[in-house]
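Working notes for the structure below.
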Amino acid sequence: MRKPIIAGNWKMNKTVAETLQFINEIRDQAETTDVEVVLCCPFTALSEAKKALGASKIKLGAQNMHWEDNGAFTGEISAEMLKELGVDYILIGHSERRQYFNETDETVNKKIKKALEQKLMPILCVGETLQEREAAQTFDVIKNQITIDLEGILPDSMKDIVIAYEPIWAIGTGKTASSQDANHVIAYIRQLIQEKYDDGISETVRIQYGGSVKPENATEIMNEEDIDGALVGGASLKADAFLGIVNF
């Protein structure tokens, strides 16, 4: 049985004070759920968030990292630095990183390898644009991303990787893939993992859906056979909405 995982991606939102208030508001309910809860905070809030979480079951996530250990990379942060702060999960390949910062599948692959080396658990984001979807290229795009992003990743490492299917056309737009459509693509991702590795790995890897997930549609999405969780954007910024998803 795959344990559901709900991750909130705050993007460039929340001050340290707002982060601490949010943690205080959700901690009790998030502690009693059987769902794994992850908060992907801005870099500036990670240290204080970790202190506030303490021995909580809620996991801490970061939103980006560089693939080098150190060096002349102004504005970047390394996996080792994140690990030192107590980070558990790391978003890699989010569509906004790919779109606005020219992140490629090759750099995504480097980041995954470095994250695993530092015992961070990657949440690998993949998904197609509206144009690619309308051109019936969704499966081709996903296959290319999975093939390159996981190049050289050993079978034993797959237990530490979460995959998030986030159709780019559904992020921040209010549009959502139907639960059936999302499950169809996620089942295909699971098939790709089976072909690359084996049945055991494909049946244990957790695959989330991301794209305008909110309390109103969380139950329907989570009831699909192959969907193991959600990567939540806007709805993760409000405690009541986020808890509504966590308690689907």
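Quick reminder: no glycine exception, Cβ is built from N, Cα and C everywhere.
Positions annotated as active site, electrophile by Swiss-Prot, on the basis of sequence analysis: H94. Mapped onto three states, the DSSP output places H94 (active site, electrophile) in coil.
Secondary structure from DSSP puts E166 (active site, proton acceptor) in coil. According to Swiss-Prot, the active site, proton acceptor annotation covers E166, on the basis of sequence analysis.
Swiss-Prot lists N9, W10, K11, G172, S212, G233, G234 with the feature substrate binding site, giving sequence analysis as the kind of evidence. According to DSSP, G233 (substrate binding site) sits in a coil region rather than a helix or strand.
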Measure from the CA atom of E166 (active site, proton acceptor) to the CA atom of G233 (substrate binding site) and give the result in Å, rounded to a whole number.
11
Cα-to-Cα gap, G172 (substrate binding site) vs E166 (active site, proton acceptor), nearest whole Å:
11
Return the single residue from the binding-site residues list (G172, G233, G234) that has the minimum number of other CB atoms within 10 Å.
G172
